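Quick look at what TrEMBL annotates:
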- 21-40: transmembrane segment (TRANSMEM)
- 60-81: transmembrane segment (TRANSMEM)
- 93-115: transmembrane segment (TRANSMEM)
- 127-148: transmembrane segment (TRANSMEM)
- 169-189: transmembrane segment (TRANSMEM)
- 209-228: transmembrane segment (TRANSMEM)
- 288-306: transmembrane segment (TRANSMEM)
- 336-357: transmembrane segment (TRANSMEM)
- 369-389: transmembrane segment (TRANSMEM)
- 562-582: transmembrane segment (TRANSMEM)
- 594-614: transmembrane segment (TRANSMEM)
- 626-647: transmembrane segment (TRANSMEM)
- 661-695: region 'Disordered' (REGION)
- 683-695: compositional bias 'Basic and acidic residues' (COMPBIAS)
Amino acid sequence: LSDKEEGKRKKSKSKVDCCGFPLSIFFIVVNEFCERFSYYGMKAVLVLYFRYFLQWDDDLATTIYHTFVALCYLTPILGAIVADSWLGKFKTIVYLSVVYTIGQAILAVSAIHDITDLDHNGKPDSMAFHVALSMVGLSLIALGTGGIKPCVSAFGGDQFEDQQEKQRSTFFSIFYISINAGSLLSTLITPILRAQECGINSQQKCYPLAFGVPAVLMAVALVVFIMGSNMYTKAAPKGNIMLEVCRCIGFAIKNRFQHRSKRYPKREHWMDWANEKYDKLLIAQVKIVLKVLFLYIPLPMFWALFDQQGSRWTLQATTMDGNFGAFKVEPDQMQIVNPLLILAMVPLVDSVVYPLTKKCGLNFTPLRRMTVGMFMAGLAFIAAALLQIQIDKTLPTFPSASQSQVKFLNLENSVLPVTVDGATYSIQPFQACQTLSFPSVPIQMEAPGRFSGRDTVCWNLSSGSRLVNGFEAEVNITAGSKDLGFIPQFGFSNYTQLPEGTSTFLISNRMGQICEYSQSLGFGSSYTLLIPGDFSFGPECAKTIRPIEDIKPNTVHMAWQIPQYFLMTTGEVVFSVTGLEFSYSQAPSNMKSVLQAGWLLTVAVGNIIVLIVAEAGQLPDQWAEYVLFASLLICVCVIFSIMAYFYTYIDPMEIEAQFAEGGPQDKEEKSKNLSMTDVIPASEDKKSEVKQSRI
């Protein structure tokens, strides 16, 4: 290297190699594994945190989830500019990792319900505090994970010398494996942590642990990365090509606008209006990039469907049965199907499917593969819609925004007729009537004899389990680790979320007598346990308790989600992997990062599309929304196939070589061209020159 080039590149004093690989890459690979574990682990349980801890409805939970994902894919552009223009990759990774770690820690703290649970009932008393804290944490996480995304892999590539191309290729394979390994393990582990119960004053689903472990892993990632500092090869900032491309495009637009008069002849390409200031090689490269970016326009629709695996599909799984016999699968654990299938299908597609299509004489070009991938994602949502229709048949009818639902429970040992708005219902002793729906207005009720809240208990239908005490004295109820407290005669507890399986309820009085009752609780089921008036403590006490099923257990098995995951993963393999390969092969040598930023931008826009549809669509049925997304993607797929048909594949290196042979443009000619353009129209010679530079 020349002295000038040597000054741009800082090398470690003692670079250590291991089996031909720089030892520094060990720290980078471990860092990436821990960071991906942190991100995917947090993301796996995020939508359920919104839904069940912050108590948001499905649409709001989906909206905020996809807003967060969109931010995670917008900030890489900022990270790349900061790294290339000012701080360099190493400092950018360190500084933003600190921000990342703080964000994860804040999110974990926001999930501790005991902070504001002053009445110890298991629910935060100041939900606004938890919402604000979680939004701050997620904003910092989005800045951190997005900012370091374009830097880590490129920084790993910087550790190799020019003659270590084979080792560099191996490193990127190991790097990709570390990403999938982190994703796979975190998607498996964090839902298990979430399903545990923890708390100081009351036991609830352990979101602090589910977010806390990823926060610890992110801190480990930061420490490991810093530990290798003395071994790294650190390239100094050398200017950002994305900014240069934007300036070139901006100048071309400005120059064209300033010379829009008819006396100025048209040029072959609108980017040719930058000839007066920028090298023709740069302009030619920008034309290549714009040609590929034009093909990116339909791609966000694919990501709009793909990223709903972590939102809509996870919420769909909460209405299904996750009992697989030997083990139980949490709703957010079903996302593990995607990385498992990826690890199996990537080598299968590369070594079997593509060679087979080639032998069959099929010209399966990259753009055709991407078209097939988009079509497969559309089929995945058709499968999700068909599954949702079957699920809806098993779900109870919940009230609309203008309705209320009530149940009447007879605590008398005789049949009780109740008249509501002219309709009479006969309620059997110690039983409940069916769920009744009424407009959200006062209703008229009549019952014979005494009628009060003590004799007839009325509540809004909800999900969970509760106890109603018809016994002559107050009783204390505990369910596992949860203490429901003392329930007076004719009183009832709040609905309490309990884990699936058999729950044991301990009923005791102030005399120290205890009755043990067991109830099997299926996924999604809700029960009212009635302690009747003839209840008495003793060996047979459990037989007198009356379980009333408010909501039936989920009967559609989670395994039915596997077909839609298979279709989506197949689409991802032939779309995403091929898209990255296509972008790399069609990008100029110094603008591959520009197309990478454009690719990540399509992911962000795709998540924004979900926000628009979720908020503006307001479809009454979830299956209809799935069909809408599938229809939109298939329409976009047709448009993309037409665009791909007219696309001409190029070799950027060949075009760059043609300009290199001609040598750099003379600065005096540029200055002359700039001044002449402001005075007279371009000459015929200039027209010919512009035409020759056209791509």
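Any Cβ shown, glycine's included, is placed from N, Cα and C.
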Looking at the transmembrane segment (336-357) and the transmembrane segment (626-647), are there 3+ C-beta pairs under 8 A, with each pair at least 6 apart in sequence? no
Under 8 angstroms for C-beta pairs, at least 3 of them, ignoring pairs fewer than 6 apart in sequence. Is the transmembrane segment (288-306) in contact with the transmembrane segment (369-389) by that rule? yes
Given a Cβ distance threshold of under 8 angstroms, which distant residues of the chain, six or more beyond its ends, lie next to the transmembrane segment (169-189)? 21, 25, 28-30, 32-41, 44, 153, 156-157, 159-160, 213-214, 217, 332-333, 335-336, 339-340, 342-343
Same-chain residues at least 6 beyond the ends of the transmembrane segment (562-582) with CB under 8 Å of its CB atoms are 292, 299, 302, 305-306, 309, 313, 334, 337-338, 341-342, 345-346, 349, 366-367, 369-370, 372-377, 379-381, 383-384, 387, 599
Under 8 Å, at least three CB pairs between the transmembrane segment (21-40) and the transmembrane segment (209-228) (pairs 6 or more apart)? yes
Positions on the same chain near the transmembrane segment (93-115), where near means CB under 8 A and six or more residues out: 35, 38, 42, 49, 53, 79, 83, 87, 122-124, 129-130, 133-134, 136-145, 147-148, 151-152, 155, 199-202, 204, 207-208, 210-212, 214-215, 218-219, 221-222, 225-226
Take the transmembrane segment (60-81) and find every residue of the same chain, 6 or more past its ends, with a Cβ under 8 Å from one of its Cβ atoms. 43, 46-47, 50-51, 54, 92, 96, 138-139, 141-143, 145-151, 240, 242-243, 307-308, 310-312, 315, 593, 597, 600-601, 603-605, 607-608, 610-611, 614-615
